[in-house]
């Protein structure tokens, strides 16, 4: 499963090979570092799930992720202990996480999720610890926990962008704290200013500095050309050793007969590309597909021709060189298939009111719909066109539309490449601008282009634009089980992690059903208890000091955890990208902590009405023990989900898992 991605990315760091991923780099860097320190040499290909590691030392990378996943238990234990001041509540939370099959499965492989959850829970624990030091501000322990919160926020953000949710949680907690301090009239405004400045330094400046430093290390380590080059601009690629633009020497000015590649200036816009495949029936004219492709490929090569003459004359060594100039009318012939870049008034495949772009003609012979006017932004007619530097626009002579990349991903028939259209809207946007990247012409002298190296801030901005843009168009792979957010809390459907045959060990990501359904019931129970307590306090009901303390734990401690659950769950309902079951696990950590606090509070409240105290203690202890034993027994039943099952499906009476398929949607 995803070990094929993140294990491979760890290898890229060890080999210093540049790659692209939609997530920030910290998680993959740590996986690579763990592999390097444990003796892994970065040579395993990570091609498909089920490949044997053989002699490759993969245990260090898995062990690192498993260690961070194991840390979730003490982090949750300490967080609940601080919020509830109750050892049984903290122990119940710890047992829930120890015996959850989903947390075990997700933590024992080379994945980003245990690393993300480690920093997320670290940030929550540090925030809670800092709050407990509120009575001694600016002490060593207060500074330590405040700074550690900032470090963990940077870590969470540096692994995945969903780390933003814990940043939001800490941000809301900080605003609440500052508002409370502002209302404390015993504090001078100078002291309040110090509080504000401390939080700005530790929770904004420090995380941003660390987050930026991660990318600085990322770009410094990955200095060799690799599979991620094509996602980035020409100037970015020029810094990568082994890239054809690194220390490049090419003909400086474009000439007729030159073989070129053209890159769209839109972030992750791709190279102008064609291949032998035709558009399918019902999608415009049934002619050769023209797309934008994000990777370097021979099908990205085009020959620049005059619109009214043959290229053979131009390639004759004795014929004079004729440069392409701003305003010229040209033809672009696809080198591999000898078809011309062509457009007409058939509608584009995906973008309404745009025209279709195709490959047309035989051996370079086509019609007048193959003519394009080449223009350079900000230049006058007759000026020469420079490689890499000139920003080019291609206008279709017959229709007046402009060649561009829409950024939309084509379906399977278009090999999930990016749609190229001819837009009748004449706005100047990066979508409709191109630059010439590769340039081959044996008749011209090569000149070492002193390419303007981008600054670090430009690289940082570009990498984020590409991550956001590509992540937005993320699509599921073949046979992959995607899900909807409402599926997750009810444990509706799991994910196959490995194995397809009855003889394979099969691991299935599914939460321990008893734990997950207990967590789900607890959320409803908590809301009921919180509303009842709030109404009772509002109506002035007289409470004993012990009940006041319980209501404080329920509303303040439970409230913080509930807010964390909401922030890590509700945003997924608004996301347009493809979603998977494992996206819920950060929210599951919060619901598990809420279960510990809620049941502890409920049992304490119920035992208030029992006497003598020995009976009350027995009922309270018995209640906690029943919940713990329930989680342990359910783990005993479902543990093969995490450690591997063999044999027929659970729906078969002969299966060792027969009788445990409690929902039709479970596929183990």
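For all residues, glycine too, the Cβ spot is worked out from N, Cα and C.
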TrEMBL annotation of transmembrane segment - which of the ranges 15-36, 37-58, 59-80 it falls on: 59-80
Stretch in 59-80, 87-109, 196-222, 619-638 most in contact with the transmembrane segment (143-176), if contact is a CB pair under 8 A: 196-222
Intrachain neighbours beyond the transmembrane segment (87-109), with Cβ under 8 angstroms and 6 or more residues off its ends: 1-3, 62, 65-66, 68-70, 72-74, 76-78, 80-81, 497, 507-512, 515-516, 518-519, 582, 585, 588-589, 592-593, 595-597, 599-601, 620-621, 624, 627-628, 631-632, 634-635, 638-639, 641-642
Tertiary contacts of the transmembrane segment (196-222), as residues 6+ beyond its ends and Cβ separation under 8 Å: 12-13, 16-19, 24-26, 29, 138, 143, 146-147, 149-151, 153-155, 157-158, 167, 170-171, 174, 178, 456, 459-460, 463
Contact ranking winner - 514-533, 579-599, 619-638 against the transmembrane segment (59-80), Cβ under 8 Å: 579-599
